Amino acid sequence: MADQREMKEKSPWHRPLIIFITVLIVLAIIALVTTAVVQNRTLQKYKYGIVLDAGSSHTAVYIYEWPAEKENNTGMVQQKHTCDVKGKGISSYYTSVEKAGLSLRDCMEEAKEKIPTWRHRETPVYLGATAGMRLLRKMNETLSDQVLSSVEGFLQVYPFMYQGARIISGQEEGAYGWITVNYLSDNFHRALPTIGALDLGGASTQITFVSRREVESPENSIHFRLYGNDYDVYTHSFLCYGKDQALKQALAQQLKPGDTQLHDPCFHRGYNQTKTWESVTGSPCVSAQGSPASPPHGNFTHLGTGNAALCRSAVRRLFNSSHCQWGRCSFNGVFQPPVEGTFGAFSAFYFVMNFLNLTSATLEDSKEKMVQYCSRPWAEVKLSYPSIKEKYLAEYCFSGTYILTLLENGYNFTSGKWSDINFIKKIGGSDAGWTLGYMLNLTNMIPAEAPDTPPLPHAGYVTIMALFSLLLTALLLLACKLFSRPACTQSKQII
Ligand SMILES: Nc1ccn([C@@H]2O[C@H](COP(=O)(O)OP(=O)(O)OP(=O)(O)O)[C@@H](O)[C@H]2O)c(=O)n1
Ligand SMILES: [Ca+2]
């Protein structure tokens, strides 16, 4: 009995202090492990999504990534990679439709390499076609269906989760572009004022912004509820007012039946190219506007005269302001409230204004610079920019004039509002365009109501981890000191 009592007294487990320290150590370990597990449950595990932007002039493949299980946290989706498909847009393959699908091969192979193999099966792939396919559908719906079947058949062979190939509407194109720029700017989540979106493609152009005024025409009005906030958005897409189709319209307007030469103020002096009538009048944007009666075939010589003022008058004629059934219109009888807030202007708005060095210029300076630029002889321009594709280079006088006219006379951006337009390509590493908004919408990644916040802000997480680590170290040191006392050692030896 006496021996047992002695052993009890000498056993460290019967000292309250030691029991207390042990309990604390166990609790600290549990706290550390739990915090780390909760916070880092899925850290560094990414999910992926692929969107193909089948535009009128070309197709681009976008790969997006986001941390798995953080899908509803704002700002999480980022562009991981883009690939430009070689050649023209899918609508140009209407004469040999099987090539439309095959044209996507290189970029889809690249997507297979960029996305970890184990994620392939759950990676959604969407293809959205825009104005080029809208025009082809207008001309011949069977052909546009065949082109879509061709790309569909091709994409289905890949190990990804195919989600469909379709022609998106102009309204969707505008709305998703607006969602993209505001998502990337974090405006939804922080309930900040939104920015408008201006997209200029080859065949259509979109304007989308939040207006405090009533949107009188239902087809231009969209309502969104995002992260617990309501947005009434105005949007319009002008088919045939992308810069390539606008150029065709401008050429058709200047060409008279039977002409074999066209003296064009929107091209540089010395520019001389033989073009087919068909290349102009074959477009539904031109035939619809009443093309010259004769001859639909044969050639004409396109000669530049390089005169910005005359070019501007020719371009202005593309915008019809003679009728408006609403309170106010942009052009061609389309309702538009006055532009409001700041805007992001991307795709060809950016390519052209960036080339012309006009991204931060005033409207007046921009007009003045266009006068100088258009008057430069073609031979000199070619020498100055040897690395730029000649097709692009030849068109910048027209394109710059077209952009200034569209923004000023079409949408009514006055001199005072000009600085509200930001010509942008990317926001935080991701391209501005409709594709991200399209994917966010189809994967339900922007919830109507604000999602729960993470268990801890990052700073809180780091502080708690550091404090518990310090406590644990101190306790271990203390325990070590207590256990290694001679009394402890002796009692252990007795046991
Ligand atoms: N570095 C570049 C790239 C493109 N472009 C031109 O910019 C225009 C629009 O390009 P993009 O936005 O890619 O149009 P798409 O998406 O193909 O057309 P849409 O949206 O109308 O279907 C085209 O005329 C293209 O030739 C340009 O001038 N400079
Ligand atoms: Ca486009």
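Cβ coordinates come from backbone N, Cα and C, glycine included.
Taken from TrEMBL, the feature active site, proton acceptor covers GLU173. With a 10 A radius on its CB, GLU173 (active site, proton acceptor) counts 29 other CB atoms from all the protein chains.
Taking a C-beta cut-off of under 8 Å and a sequence gap of six or more, GLY202 (ATP binding site) has these contacts in its own chain: GLY55, SER56, SER57, GLY89, ALA131, GLY132, GLY242, LYS243, ASP244, GLN245, ALA348. In three-state terms derived from DSSP, GLY202 (ATP binding site) belongs to neither a helical nor a strand segment and is classed as coil. Residues annotated as ATP binding site in TrEMBL: GLY202, ALA203, SER204, THR205, GLN206.
Beyond the transmembrane segment (17-38), the same-chain residues lying 6 or more positions past its ends with a Cβ under 8 Å from any Cβ of the stretch are 455-456, 461, 464-465, 468-469, 471-472, 475-476, 478-479, 482-483. Look at TrEMBL and you will find 17-38 (among others) tagged as transmembrane segment.
TrEMBL lists 459-483 (among others) with the feature transmembrane segment.
The two recorded residues, SER204 (ATP binding site) and GLU173 (active site, proton acceptor), show a Cα separation of 10 Å.
Filtering GLU173, GLY202, ALA203, SER204, THR205, GLN206 by Cβ distance to ligand 1 (under 6 A) retains the following recorded positions: GLY202, ALA203, SER204. Long-range Cβ proximity for ALA203 (ATP binding site), meaning a same-chain Cβ under 8 A and a gap of 6 or more residues, is found for GLY55, SER56, SER57, THR130, ALA131, GLY132, ARG134, LEU135, LEU239, CYS240, GLY242, ASP244, GLN245, CYS285. Excluding the listed site residues GLY202, ALA203, SER204, THR205, GLN206, the same chain places SER56, THR130, ALA131, ASP199, LEU200, GLY201, SER237, PHE238, LEU239, TYR241, GLY242, LYS243, GLN245 with Cβ atoms within 8 Å of the centre of the ATP site Cβ atoms. Remark: GLN206 (ATP binding site) has GLY170, GLU173, GLY174, GLY177, ALA197, LEU198, ASP199, THR235, HIS236, SER237, PHE238 as non-local neighbours, by Cβ distance under 8 Å and separation of at least 6 in sequence. Neighbour density around each Cβ, counted as other Cβ atoms within 10 Å, peaks among the binding-site residues SER204, THR205 at THR205.
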